[in-house]
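The annotation domain 'Phosphagen kinase C-terminal' is assigned in TrEMBL to B:24-256. The ATP binding site annotation in TrEMBL covers B:27-31, B:His93, B:Arg127, B:178-182, B:209-214.
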Amino acid sequence: MLCQECQQRQATLHFTKIINGEKTEFHICDVCAKEKGEYIPGSNSFSIHQLLSGLLDFEQPKHYSETESKQRARESQCESCGMTYRQFAESGRFGCVKCYETFKKNLDPIFKRLHSGNTTHAGKIPKRKGKDLHIHRQIDELKQVLKEKIDQEEFEEAAELRDQIRSLQQSLDEKKEG
Amino acid sequence: MSLQRFIHEAISPWMKNEGPDSDIVLSSRIRLARNLEEHTFPVVTSNEDAEKLLNDVKKQINPTTSHRRFGDLSCLEMKSMDKNEKQVLVEKHLISPALAEKSPYGASILSEDESLSIMVNEEDHLRIQCLLSGFRLDEGLELANEIDDWLEERFTYAFDEQHGYMTSCPTNVGTGLRASVMMHLPALVVTQQMNRILPAIHQLGLAVRGIYGEGSEALGHLFQVSNQMTLGKSEEDIIGDLSSVVKQLVQQERAARESLLESSNNHIEDRVFRSYGTLAYSRRMESKEASQRLSDVRLGIDLGMIKNVSASILNELMVLTQPAFLQQYAGEALSPDERDQRRAALIRERLQLEAEKNQD
C-alpha cells in the first residue's frame, strides 16, 4: 500500500483514529510520519501526565469563587525544588519530597480520584526508615499523655513518662550518630 | 552469528522457563517505584544531581556486587550504549522507552538471568522490576520485596506515613506497585467476548492494554492486565485482586477454546495451519501480520494441533521480530522494507530450527 501523503513510498504506519465515533484510517510512510510527528500516536505518544494535568487543572477552583487560602495554595511554590503548583499541574509530577507538603491542601482530592477514594498508605513500611517512624509515633503519643498528666498534676507518673520519652529519644539520637 | 546463538543471547533466560498457566499467562511482572530522600525527583533534577545519584548507586552496586537470590548484578549505563542497543533492551521489556531516550544518566541494574532490572534515574530514582514466566505474581512480589529491603539497607527512601513511598507521579504514590500479567487470549477475541469483558475489567480498577497495539484489536491477541490503584491498599491485596481477575480470564479463555474446538474445529485447524504455512514460507512479513500468525500457531500448539514446535516460540519471535532485534541480527540499520524481508527470513529460519531439532 502506498503512503497516502506522498503517494510514493510504501506505507509502514497504519492506524485508526476514532473521535466521537467517527473513524479515520491513516496509512503513512516513515518519512511522512516523521514530518507529521505530532498527529501520529506512537511517534509522539500522548502520556499519562498530559491526561493527569487535565485532572490537576480541574482541581483548581475558578477564580471568582476562590477563597484566599486556596488561592495561596495555588500560588504556592516548593521551597526545596522551586516547583510551583502551576508547573506541577502542567507536568503532572512532583519535583521532590517537599512538594507533597507544599501542595498538601490540593492533593487529597487528587489522590481520592486516582486511588478510589483513598488518601492514606496502607501497604509496606520500610524496615529501616519505618522503625524510626514507629518510635516517632510512640514519642508523640507519650508526649500527649505527659501533657495530660501534668495538667492533672499527677507529677509522679509524668516523671516516669518523661524518662520513657527521653530513652526513646536517646535511642533515635544514637541511631543517627551510628 | 548463527541464529541459535543469537536467540540464546537475545532471549532473556527467565523467558525460557515455563510457569503456572503458561499456556495463557505468558509472563508476570512486578514493579516498585522508589525515590531517595536527599535528591530532587528526576523530572526536575539537574544533570549534576542525576550523575551524583548514579555514582552513589554505582558505589553500592558495582561489578563485584552479588545478591543471594539474583546472583551477580551488572550496571548498564545509557550513556555508554548506542541507540540500537538501548532499543533492544526496550524490546526485551527490561527498560522503558523513556529511560532509553531521555535519561542521560539513566542506567539499568541487571541480574544475570535478566529477571531483575532496576532502572536508575527514570521517572523515579529507582524502579525495581521483576519478570517471571507464567502466572507468578506472588513470587514476583516476594522477590521484588527482597530486593527492595536490600536496597533500603543502602539508601534512605522517601517515605512518610500518610503517603507511603513518595513517587514523582501521583498515580504511583503509596505502594509504588504496578503488577501486570501478559495474557494470550485468542479464543476470547475470536469468539468476540473480549469487547464485553474489557469494560468489566476497567470497572474493577484494573487496566487492560493490547501489547504493541491498542484496545481490543491487540496485536497477536496479547493483553497486559495491571492494577491502577496504588494508594490505600496493601501490596498483597492489590495482587490478590489482580490475581482473581486473571484466574477468571484464564478460565474463560480455556472455556472459549473448548467451545471453539467443539463448534468449529475444522475452521480453527485451517486457520492455525494456514498461519503456520505462511510463516514457514513467506518472503515478506510485516510485524502486524507476524504477530497475528504467531498467535494462531501458538494456539495450535496449545490445542495440540501442531506438535514438535516449542510453545515458547510465540514469546521468542514476538521479541526477535521487533525492529531493533532485526537490526542487531543483521548487524546494520535496516529500512522498513528490508525489515519485512529479514523478518520473514528469521521466522522461516527459526521454524527450520524446530524441524531439525525434532529430526535429531
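Cβ atoms are placed via backbone N, Cα and C, with glycine included.
Note that the structure is predicted; figures quoted are calculated from it, not measured.
Everything TrEMBL records as a feature, shown here on the structure.
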residue  : record           : Cβ contacts under 8 Å, 6 or more apart
B:Ser27  : ATP binding site : B:Met15, B:Gly19, B:Leu131, B:Leu132, B:Ser133, B:Gly134, B:Val181, B:Met182, B:Asn315
B:Ile30  : ATP binding site : B:Ile128, B:Gln129, B:Cys130, B:Leu137, B:Gly140, B:Leu141, B:Leu143, B:Ala144, B:Leu177, B:Arg178, B:Ala179
B:Arg127 : ATP binding site : B:Arg31, B:Leu32, B:Ala33, B:Arg34, B:Ile118, B:Met119
B:Ser180 : ATP binding site : B:Ser28, B:Arg29, B:Arg31, B:Gln224, B:Val225, B:Ser226, B:Asn227, B:Leu242
Cβ neighbour count within 10 Å of B:Arg209 (ATP binding site): 15
Confidence summary for the domain 'Phosphagen kinase C-terminal' (B:24-256), mean pLDDT rounded: 90
